[in-house]
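Shown next, in structure tokens, is the structure this report addresses.
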């Protein structure tokens, strides 16, 4: 499994200073002011990589990329990487060689942002390691727990109710009524009654404008002209008929004789 793991690069900084630090005399921590900060012992490139759960701090030459020193890290914060008490740009790392020998050296960055990126890359890696450890632990605990048997027993059945497929007492589902144009219409509610809207009563104006013709008299002696006269003047039908005057021109002669002062005029007209 270790051979199948690949190495990934977490952080690269092109400018890092390396210092030989004096041995620590007390437990109060390392101080960068005790180092010769103006005269670093080595200057090169820093590269942080990871392989599996282990991170590596590699100090390499800027031009050739030759490895100067390497510090494997199993946990952070820990003894492999420590911060100094008087600055955020300097760290103490434990380097190791292939024979198992180790030594503590100091490293420092000129830019404070480079020191921040170096610190965050290590924190993110070991946060991921912690999450992977918890997930693997939970998976092992789930394997040891008794598994639930969710299979069907012999003769066991289930019943599914899908829409209108299931009906009461094995009856068939009622088809839906479809209208014109392929639109389905909902059936009326059960027990409902169709209410016919009431016809509004005729208004008084319509009643006044309505003329009812008088009833026709069933008489064989009445002609069509008499019927029309009855329709035009219903009130005059009740009066008794009067005799027409025999002299049609008598009114005109009477009207002319009623004027006494008018002198007779001679004309060619014949006076009646």
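These residue numbers are counts, starting from 1, taken along the chain as shown.
Using N, Cα and C of the backbone, Cβ positions are placed for all residues, glycine too.
All TrEMBL annotations are machine predictions without curation.
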Of the residue ranges 101-143, 230-272, the one that TrEMBL records as region 'Disordered': 230-272
The annotated region 'Disordered' range in TrEMBL, which must be one of 163-187, 188-212: 163-187
